[in-house]
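For reference, the structure is listed below as structure tokens.
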Amino acid sequence: MDDRVHPEVRRTATEIDTMETRGAATIADSAARALRTQATESDAADAEAFRAELRAAARALYETRPTAVSLPNALRYVLRGMSSTTVEGLRQNVVESADEFCARLERAQADLGEVGANRLRDGDTIMTHCHSTDALACVEAAVEQGKHIEAVVKETRPRNQGHITARRLDELGVPVTLIVDSAARRYLNDVDHVLVGADAVAADGSVVNKIGTSGLAVNARDRGTPIMVAAQTLKLHPGTMTGHTVDIEMRDTAEVVDDETLAELGNPTVKNPAFDVTPPRYVDAIVTERGQFPPESIVILMRELFGEGTSEPWAEPEARAEP
Ligand SMILES: O=P(O)(O)OC[C@H]1O[C@H](OP(=O)(O)O)[C@H](O)[C@@H]1O
């Protein structure tokens, strides 16, 4: 890693890489805070050195996990605030942008929760996959509105983020039934909504989320169960407006099976994709802090929010080839 990158930023990058820090919104929040630290601790001699240092830090954070677009969106937001021509001015720019970003993220999640809660009725049961703070914000708001909600929670192999969801729902007073992933179809008849988060939403309305989401959505459509995706606008992927595709992260196979067991099995090939893509036709609504959208119309919101601004997060308009 570039030696201009502050140890705190390195630590954040490692925590994102190892998934000690995980979940698209949480990753974005910690990346923005890391850039803030890089700025406050910088002893760069001049404005150019300061900018280069911040870009190096952004790259180190960006290279951790490829799929959740909230990460480059956060980096872009903070770096775009650098308008000053002095080190002190730039430091101030980054601190303000990072603070503003984190505050907006929190507000967006609360606003999204209110929108999502309106789709849930008193007495409804939801089915969840993985752990999404955006999805849980909808349940939390519904509970605050006095609605009784129950949940069927998929454990979400291989990392079992469903356990985190079960704990959070229990804290909200929501009764939980925990199931293995392969039991989802069996229980779809008992639920009123599938409620999941997103790591990225593409311009055509496709939803990139934890592996297993697309199969769940197809089964839910077959059973007539509505599928609701909670995704604040930070999850909209600007690059997909200009034809880029979303990279699907392949994680270490040790998450699936340990070396000893692998040897006992005769060393088969193991694949461990972290995410999959659910086509828009299987999604009923994308719930954002700006309201709910049918997936096919999300591109209109994306144009409004991003315009043509889809460059790499660390690239400055006049120095795009440099990173
Ligand atoms: O931003 P929030 O809604 O918290 O999370 C969004 C998504 O991030 C998670 O990915 P991972 O566990 O980091 O691989 C899940 O796929 C989850 O749906």
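The backbone N, Cα and C atoms fix where each Cβ goes, glycine too.
Feature annotation from TrEMBL assigns substrate binding site to R22, G23, A24, A25, R65, N209, K210, K235. If you take the C-beta of K235 (substrate binding site) and look for same-chain residues 6 or more apart in sequence within under 8 angstroms, you find A24, A68, V69, S70, D134, G197, A198, D199, A200, V201.
In three-state terms derived from DSSP, C130 (active site, proton acceptor) belongs to neither a helical nor a strand segment and is classed as coil. Feature annotation from TrEMBL assigns active site, proton acceptor to C130.
According to TrEMBL, the active site, proton donor annotation covers D199.
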Among G23, R65, D199, K210, the recorded positions in the record, which have a C-beta under 6 A from ligand 1?
G23, D199, K210
Would you work out the biggest C-alpha to C-alpha distance among R22, G23, A24, A25, R65, N209, K210, K235, the residues that bind substrate according to the record, and give it in angstrom as a whole number?
14
Taking A24, A25, C130 as the recorded positions to compare, which has the smallest set of other Cβ atoms within 10 Å?
A25
Integer Å distance between the CA atoms belonging to C130 (active site, proton acceptor) and N209 (substrate binding site):
9
K210 (substrate binding site), number of other Cβ atoms within 10 Å:
24
Extra residues within 8 Å (Cβ to Cβ centroid of R22, G23, A24, A25, R65, N209, K210, K235), substrate:
T26, I27, T67, A68, S70, S132, G197, A198, D199
